[in-house]
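A.B. asks: One structure is given below, represented as structure tokens, and several questions about it will come after.
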Amino acid sequence: MPLGHWEILRRQLGEVIDPEEFKLWIDPLRPVESDGPGLVLACPNAFHRTWLRDHHLPRLRQLARQIDPEFKVTLAVLPGGQPGGQGRPAVARQLTLPSLGLDHPQLNSRYRFENYIAGGGNEYACAAAKAMANGQSFFGGALYLVSGTGLGKSHLTQAIGHHVLDGERPCRVSYLTAEDFANQMISALRAKRMEQFKDRFRRGCDVLLLEEVPFLAGKDKTQEELVYTLDALANAGKRIIFTGNQPPAQIKNLGRRLRSRLDGSVTVPIEPPDHQTRVRILRSEAQRLGVVSPVEPLELLAEAISGDVRRLISALNGMAARSALTGRPMDLALAAEVAGQLATELRRLSPERIRDEVARAYGLEPALLSGKSRKKEVTGPRNIAMYLCRRHTDSSLKSIGGLFNRDHSTVMYGVDKIDRLLAQDQKLAGQLRYIEQRLGLG
């Protein structure tokens, strides 16, 4: 098959597919040379292949037949999970050695103070974050934000980063999770680059934003290195912001020295927003989406959905989509319909069904998600499944942990990790939307 056919197909697809969707799903594809007359497209992973098969493969094949009636398109996942594993890659890819960290932190452009709706439940946390961002010394040098999933820890943390970077004084900000810190430390040890690793955080950082601190439980060597880093930053008068789903006193298997440093920070809880704050969040989101809605339907949604702000916004998105597709007004009847459907789905969906659907989407056996494997291709889907169980069912952490053979703190960590990644990984967000559609949630 002439490789030029793929370029023709790409151009034709670009004319009929939304640019953002093209970037997420078509750009990663790589044609692989094969012995047959058709086109084999290598997908990054099994999930990617499944999504393309369900959404774009018929269109691909139709366009291909217009080029050559005998031209067939096949989707494949090559060994290793990346295009160009075994087999002969048709497009060479330049490889670079990973650096120890980014010079510019990956901050979500929307996660700024001006986009954060403060009110009952989160006013104290918002005020504390702004004080830390402005360098007010009465807070000392460290702040610890603690809350459940979807309540704004990452938003406030990244808002601090944006505020500092936008200031007049040059400032070096490091934003990462505790897992990132641990992984970068391991990489530095293996590459014999620990001095560079230490310099980056101890002497090359003015503000450290460290999310998901409970991940470090039981990781003694990483805790020890972090303690030295925190001491160096504190002695230099630098600012440190931690987040976690548990306050320091409740994190098990935390070393005495690290616990002492965390206890010395100002711990601020973020509570679920009250009714009026939920209404204001919905009004702000509706304005961002360009949706015109009376306040009464928004109040109904705010009354029906409490807790997770992401679920609240998801309900608004669903309501707006129905209105746009059916021509129905954004009124109380539509709001009641959406709220009622969400309540029904929460009762109907079982964690087992979610686990099985996630496994199917990623080309895995459900038993793998409940097994002991710690391979990346299993832990990622497992965290997604736990996140969806927590978000779309009323199952307890203990119950979800039982299904996946994990303790409740591991479930909390996995849920929080997906919640944070969704803010900056559009591809992951697209995968989640696809799975939710398969579950009848969208």
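Glycine residues also receive a Cβ, built from the backbone N, Cα and C atoms like all the rest.
As listed in TrEMBL for this protein:
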{"type": "REGION", "residues": "1-74", "note": "region 'Domain I, interacts with DnaA modulators'"}
{"type": "DOMAIN", "residues": "139-272", "note": "domain 'AAA+ ATPase'"}
{"type": "BINDING", "residues": "G150, G152, K153, S154", "note": "ATP binding site"}
{"type": "REGION", "residues": "324-442", "note": "region 'Domain IV, binds dsDNA'"}
{"type": "DOMAIN", "residues": "350-418", "note": "domain 'Chromosomal replication initiator DnaA C-terminal'"}
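Show me how these features fit into the structure around them.
C.D. replies: Mean predicted confidence for the region 'Domain I, interacts with DnaA modulators' (1-74): the pLDDT average there is 77.
Under DSSP, K153 (ATP binding site) is assigned to a helix (H, G or I) in the three-state scheme.
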A.B. asks: For S154 (ATP binding site), list the number of other Cβ atoms lying within 10 Å of its Cβ atom.
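C.D. replies: The Cβ of S154 (ATP binding site) has 26 Cβ neighbours within 10 Å.
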A.B. asks: Taking 10 A as the limit, how many CB atoms besides its own sit near the CB of G152 (ATP binding site)?
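C.D. replies: For G152 (ATP binding site), the 10 Å Cβ neighbour count is 23.
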A.B. asks: With DSSP helix as H/G/I and strand as E/B, how many residues of the region 'Domain IV, binds dsDNA' (324-442) fall in helix, strand and coil?
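C.D. replies: Result for the region 'Domain IV, binds dsDNA' (324-442), in helix, strand, coil order: 88 helix, 0 strand, 31 coil.
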A.B. asks: Using a Cβ cut-off under 8 Å and a sequence separation of 6 or more, which residues in the same chain sit near K153 (ATP binding site)?
C.D. replies: L145, V146, S147, E211, T243, I270, D416, R420
A.B. asks: Return the count of C-beta atoms lying within 10 angstroms of the C-beta of G150 (ATP binding site), excluding that atom itself.
C.D. replies: 23
